[in-house]
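Single-structure report; data block below.
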C-alpha cells in the first residue's frame, strides 16, 4: 500500500511537471514572439491551463495526506526555494489572467512578470529535484542543519529550466503559429548537456543512488530531448513532456527505499515507510483516489480532444 | 519578532485572503449554475447573457484566486511541520481528499466549461457548471471537516507520540463540523447574492441601457441572499451550545478582544438578513434608497466572514489541535529573518492580488454585459 501511494505521488508530480511544464516553457519564450503575437503564446495553453496547474495541488495534497512526515521535513527544509517559487507562481498565474484585461500600456510589465515568474518557477522545481537527488543536510530530528544548495541542486535547477524551455518551444510549434522553431535545436542541446552535467556531478559526489536506475533514466531523458527536434510537433511535445515528467520518477526510484536522504546525520534520513501515514489513512484515501483519478484523466483527456486541432480559443 | 508570531500572522493573512476569494467563488458559482439552468430550460436570451456576464466575473475571481489556495496548501509543511508530523495521519486525510476530489476535479471541469461554450453540447456544458459547483461544495465540506478536527479532535488514537486515524466517519459526524459547514456555505451564497444585487443596483441607479438585464439579475441576487441569510444566522447560533460544551474558553468571561469580531459578524449578519428580506418584498420597482442599500451592502459579507474566522481560529488558541497540540509546538524551526521575509513577500503579493482582482471585477462589472461576447471571441485578437 505504501509503495502504491509512493508511485501515485510520483505520477502526480510527473504529471504536473509534464503538463504545467508546457505552461512555464511557453511563458519563458514569450519574448521570442513579437509583442502583437504574445497573446497567442498564452492562448496556446489556454484551455488546459487550470487543469495543468492543479496537478500540483493534487500532488501536494497526496504528499500531505499519505506522507505527512515527508511533507513537513521536505517543505520546511527547502523553505527559501519554495517561498521564492510560490511568490513567482502567484505573480505568474495572476499575470497570465490579467495581461489581456488590463489597459494596453501595462503589457510590458505583465510580460516581464510572466517570463520572470515562469523562469523562477522552472529553476525552483529543478533545485527541488536536485535536492531530492543530492539529499539535504538534516539532523537526527529531520531539521536542516546546513545549506540546501549543492552543486547538483544548482545545476539541476538550470537543467530543469532548459527541459521546460524545450518543451515550451515544441509545444508552441505544435499549438500556435508563433515561430520558435529555430530555438528548438539549441535549447534541446543545452538541456541534454545540463542533464548530463547533473548526472556527472551526482556520479562524483552523491551516494545512495542506484546507478542501474539513475543512469538509464538520465539517458532516456537526454534521448527524448535530442530526438524531439526531428519529430512532428505533436510527437515532439509528447517526448519533451515525458522528459519533463521523468526526472522525478527516476529520482524517486533510484533513491528507493529512501524518501529524503540526509547528507549530514545518517539518522536524519527518512525512508518511504517512515514517511507514510498509517494503513488506516492510506486505506481510506485509496478509495477516493480510485474514484477521482480516472475521472480526472477522462475529463482532461476530453479537454485535449475537444481542443485538439484548434489554435483559436482565447480567454486569457 | 519571533518566528512563531510571524508564522501565525502569515497563516492568518494567507487564510483571510484565500477566503475572500473562496467566499465569492462559492456563492457566484451557485448563482451561475442556477442562471444557466433557467436559461437552458427557457431559452431566454436575457438569461443566457446573464449566465455569461456573471460567469465571467466568477471565472476572473476563481482564476486570480487559485494561487492563494496553492500557498495555503504549502504553508502547512513550510511553517507548521510539527502539525504534519504529529497529526498528519488524521488531519492530512480530509485535506488530501479535498485536493483530489474537489480541487483537482473542479479545475478540470471549470477549464472545460470556460472554453466549451461553442464546442460542447449545451446539455454537457450545463452539466459541467453543476459539476464545478458540486466539487466546489465538496471542497468546502472536506476543508471544514479538517478544520473541525482542529477544533475538536475525533476519530484518532495516540500511539508512539503521533495521532493515527481510527475512524474516518467520525471526522464527518464531528459536532463542530455540520452546522459550521452549513454556516459557511450559506454565507457564501449570501455573499454571491449581495454582490450580484449590489452590482445590478449600481447599474439601475446609473440608468444604463440594460434595465431588463439588471432588474432580473438584482431580483435573483436579492432572493438568493434573502433565502440564505436566515440559514446563515441560524447555523451560526446553532454553534453556540456546541462551543460552550467543547471549547468553553472561547466564550468564557475573559475572552476580551475576541468579543469584537464575534459582535461584528453577528450584527452584519442580522442587518444583511433584514435588508435582503425588505428588498425581496419590493417586487416591482425599487426606490433609489433601496438600490443604494444594495450597493452599500457589497463589502459587508466579506467583513463578517473574516470576523467569523478570526473568532473561530483565534478562539482555538493556545491549541493548534484542541487539547492535543499547542501552536508553539507545531511551528517549523525556521530562521526568523527568513520567516519575516516570506511573510512580507506573501502579504504583499496577496494584497496586490486582491487589489487587482477587485479592480478587474469592478471594471468588468461597470462595463456591463456588453463585454460578454469577448468571453468566447471568434478569432485571436492580438493586442
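Quick reminder: no glycine exception, Cβ is built from N, Cα and C everywhere.
Since the structure is predicted, the reported quantities are computational estimates derived from the model, not experimental observations.
As annotated by TrEMBL, transmembrane segment applies to A:6-29, A:41-65, A:77-98, A:110-133, A:153-174, A:186-206, A:212-229, A:236-256, A:284-307.
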Result, the transmembrane segment (A:212-229) in contact with the transmembrane segment (A:153-174) (3+ CB pairs under 8 Å): yes
The transmembrane segment (A:110-133) in contact with the transmembrane segment (A:236-256), cutoff 8 A, at least 3 CB pairs, sep 6+: yes
Contact between the transmembrane segment (A:41-65) and the transmembrane segment (A:284-307) (3 or more Cβ pairs under 8 Å, separation 6+): yes
Annotated stretches the transmembrane segment (A:6-29) and the transmembrane segment (A:236-256) touching (3 or more Cβ pairs under 8 Å): yes
Non-local residues, at least 6 beyond the ends, that sit with Cβ under 8 Å of the transmembrane segment (A:236-256): 6, 9-11, 13-15, 17-19, 21-22, 129, 132-133, 160, 163-164, 166-167, 170-171, 173-174, 184, 191, 208-211, 213-214, 217-218, 220-221, 224-225, 227-229, 272
